[in-house]
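Take a look at the structure below.
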Amino acid sequence: MENKQQSNGVMKGNNAVKKKVNLSVSLIVASLTGAFGSSFLYGYNLSVVNAPAGYIKKFYNETWERRYGFSVDEGTLTLLWSITVSIFAIGGLVGAIIVTPIVKFFGRKCTLLLNNVFAVAAALLMSLSLLAGSFEMLILGRVVMGVDAGISLSALPMYLSEISPKEIRGSLGQVTAIFICIGVLTGQVLGLPEIFGQESRWPFLFGAIIVPSLIQAVILPFLPESPRYLLLEKHNTSKAEKAFQRFLGKDDVSHEIEEVLAESRVQRNTKMVSVLELLRTRAVRWQIVTVVVTMGCYQLCGLNAIWYYTNNIFSESGIKHETIPYVTLSTGAVETLAAVFSGLVIERLGRRPLLIGGFGLMIVFFAVLTVSLTLQNTVHWLPYLSIFCILAIIASFCIGPGGIPFVLTGEFFQQSQRPAAFMIAGTVNWLSNFAVGLLFPFIQAGLQTYCFLVFAGICFAGATYLFFVLPETKNKTFHEISQAFAKRNKVTLEMQEMKHYPGERKSSEEQESNFTSSVDNGETKKGIV
């Protein structure tokens with residue numbers, strides 16, 4: 001009976017700690033501020049070009065006529081518009097490639113801060129293009145904005161995964177996806193005719209990008225850098241302790257320091273590895289393959305095709321053309337609600353069920369949508385079933401495939417591997433994004449409504465792979481996740497320790513010695529900073 005009471009006391013104590021962690025003001029502010037100036041802008045720039053498309057094309061034509069004395073032909077205008085939309089992905093690829101050295105040198109938080117330079121520059125270029133009479137400024141602004149997105153979609157998940165306690169790491173990681181969805185919805189709202197969706201106001205849609213960037217630039221400097229980065233890469237025990245104290249909302253962070261040092265002992269060193277070194281490392285081979293599969297499916301699963309068909313399906317349902325922009329808001333709202341739902345349940349259900357289940361539901365609704373679109377001219381109520389399927393596919397995507405790939409990339413890899421891993425993930429993400437934009441018109445032209453079966457096949461392949469390969473990472477340390485992959489990678493834990501990255505080493509014993517010294521000097525037991 002006494003043991004049972006003690007056990008209950010421990011459980012209550014643990015729950016109290018979890019509650020305190022969840023309510024840490026610094027952790028919440030860092031997550032929201034980081035996402036608002038980063039993934040929010042990515043989502044916003046995905047949708048913001050849709051509403052003013054007609055006005056921007058008119059601007060292109062007028063500029064061309066003023067320069068050359070004749071109107072641009074339809075083919076050239078289509079090419080210019082296609083470049084304007086798709087070049088965002090090229091900028092994203094550049095950002096994903098350059099992010100690794102930036103986060104190594106400047107750190108996670110400072111990278112997010114410096115990235116605002118790209119966002120502000122892009123906003124000025126795009127918003128002033130009409131005034132300057134230069135459509136090249138708009139296209140260049142899209143490139144620069146893509147660079148910002150490429151950096152933020154790697155640096156933000158990295159930062160969130162490193163400041164989060166493992167008990168809420170998945171929920172906090174979903175903040176990235178939630179703010180992407182909020183950004184998409186915001187772009188739809190601001191693009192309404194009553195706000196900025198008018199010929200004279202469309203530049204303000206791009207100028208609004210400055211607002212989240214400035215808010216992040218003002219707030220983020222007052223929040224700590226990633227404690228794991230400070231401890232393992234900068235070897236600054238004192239600052240790491242203070243960062244842990246602020247993010248966890250407690251004085252005694254010796255357990256968290258020891259947990260990070262335990263990872264360091266497995267690594268044997270904290271030397272950052274290159275992409276080539278990471279690809280050659282057997283101990284993370286299946287982690288890399290899994291990241292490539294999840295990121296590839298994230299872009300190739302067909303959500304872009306859904307956006308392509310949305311207006312047409314709404315029109316077929318009898319919705320008036322001028323009403324469609326308002327009805328389209330329902331897609332953004334469903335997207336946001338599904339992402340929030342995923343963030344609330346991910347620590348209870350786990351990553352595997354949400355990711356595999358999301359792909360599974362998309363397969364079902366893609367199949368139903370194919371039938372519905374094929375037969376919609378024969379049965380009057382089928383267009384309404386198509387609308388339901390569109391909303392269901394969007395929701396299915398957002399509860400799992402829409403955010404968890406970013407979470408997994410942060411969870412799979414240890415400190416020295418993480419920047420290179422995010423570079424690989426980002427490259428796959430943006431190359432897949434560009435491939436969809438390039439190839440989808442041809443797929444759609446050749447297969448018509450049956451194109452959704454291609455995406456259903458991709459979802460099926462992704463779900464099957466993840467069912468057999470992906471371990472559950474909920475509430476596990478980075479070391480425990482490496483253990484889960486050890487057998488599949490055909491390495492023992494001893495081999496992982498012996499064969500981790502050769503080169504200059506700073507032993508974990510030295511770091512532990514520094515930590516012990518700081519405890520002796522009374523640094524660890526100070527109050528929350």
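All residue numbers here begin at 1 and follow the chain in the order shown.
Each Cβ is built from the backbone N, Cα and C atoms, and glycine gets one as well.
Sequence-distant contacts of the transmembrane segment (21-42) (same chain, at least 6 residues past either end, Cβ-Cβ under 8 Å): 109, 112, 115-116, 119, 145, 148-149, 152-153, 155-156, 159-160, 163-165, 167-168, 172, 175-180, 182-183, 186, 209, 212-213, 215-217, 219-220, 223-224, 246-249. According to TrEMBL, the feature transmembrane segment maps to 21-42 (among others).
Look at TrEMBL and you will find 31-474 tagged as domain 'Major facilitator superfamily (MFS) profile'.
Under the heading transmembrane segment, TrEMBL lists 79-100 (among others).
Look at TrEMBL and you will find 112-133 (among others) tagged as transmembrane segment. Non-local neighbours of the transmembrane segment (112-133) in the same chain are 34, 37-38, 41, 59, 63, 66, 95, 102, 106, 140-142, 144-145, 147-148, 151-152, 155-156, 159, 202-204, 206-210, 212-214, 216-217, 220-221; each lies 6+ residues outside the stretch with a CB under 8 Å from one of its CB atoms.
Marked as transmembrane segment by TrEMBL: 139-160 (among others). Residues 30-31, 34-35, 37-39, 41-42, 45, 80, 83-85, 87-99, 102-103, 108-109, 111-112, 115, 118-119, 121-126, 129, 172-173, 175-176, 206, 209, 226, 406-407, 409-410, 418-419, 422-423, 425-426, 429-430 of the same chain lie 6 or more positions beyond the ends of the transmembrane segment (139-160) yet place their CB under 8 Å from a CB of it.
Summarising the annotation, TrEMBL assigns transmembrane segment to 172-190 (among others). Beyond the transmembrane segment (172-190), the same-chain residues lying 6 or more positions past its ends with a Cβ under 8 Å from any Cβ of the stretch are 27, 31-32, 34-36, 38-48, 50-51, 153, 156-157, 160-161, 163-164, 196-197, 205, 208, 325, 328-329, 331-333, 335-336, 338-340, 342-343, 346, 398, 402-404, 406-407, 410-411.
Here TrEMBL flags 202-223 (among others) as transmembrane segment. Outside the transmembrane segment (202-223), and at least 6 residues removed from its termini, the chain residues within Cβ reach (under 8 Å) are 26, 29-30, 33-34, 36-38, 40-41, 44-45, 48, 51-52, 55-56, 109, 112-113, 116, 119-120, 122-124, 126-131, 138, 141, 145, 187, 190-191, 196, 246.
If you look up TrEMBL, you'll see 288-309 (among others) marked as transmembrane segment.
Among the features that TrEMBL reports, transmembrane segment is placed at 324-346 (among others). Long-range Cβ contacts of the transmembrane segment (324-346) within its own chain (Cβ-Cβ under 8 Å, at least 6 residues beyond either end) map to 47, 51, 170-171, 174-175, 177-178, 180-182, 184-185, 188-189, 191-193, 197, 307, 310-311, 314-315, 354, 390-391, 394-400, 402-404, 407, 474.
Per TrEMBL, transmembrane segment is recorded for 353-375 (among others).
Beyond its flanks by at least six residues, the transmembrane segment (381-408) meets 153, 157, 161, 169-170, 173-174, 176-178, 180-181, 290-291, 294-295, 297-298, 301-303, 306, 309-310, 313-314, 316-318, 330-331, 334-339, 341-343, 346, 351, 354-359, 361-362, 365-366, 368-369, 372-373, 375, 425, 462, 470, 473 of its own chain at Cβ-Cβ distances under 8 Å. The transmembrane segment annotation in TrEMBL covers 381-408 (among others).
For 420-441 (among others), the entry in TrEMBL reads transmembrane segment.
Residues annotated as transmembrane segment in TrEMBL: 447-470 (among others).
Look at TrEMBL and you will find 500-509 tagged as compositional bias 'Basic and acidic residues'.
Residues annotated as region 'Disordered' in TrEMBL: 500-529.
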Averaged pLDDT, computed only over the residues in the domain 'Major facilitator superfamily (MFS) profile' (31-474): 90
Listed stretch, out of 79-100, 288-309, 420-441, that has the most CB pairs under 8 angstroms to the transmembrane segment (447-470): 288-309
Intrachain residues whose Cβ lies under 8 Å of the transmembrane segment (353-375), provided they are six or more past its termini: 294, 297, 301-302, 309, 313, 342, 345-346, 382-383, 385-386, 389-390, 392-393, 396-402, 404-405, 449-450, 452-453, 455-456, 459-460, 462-463, 466-467, 470
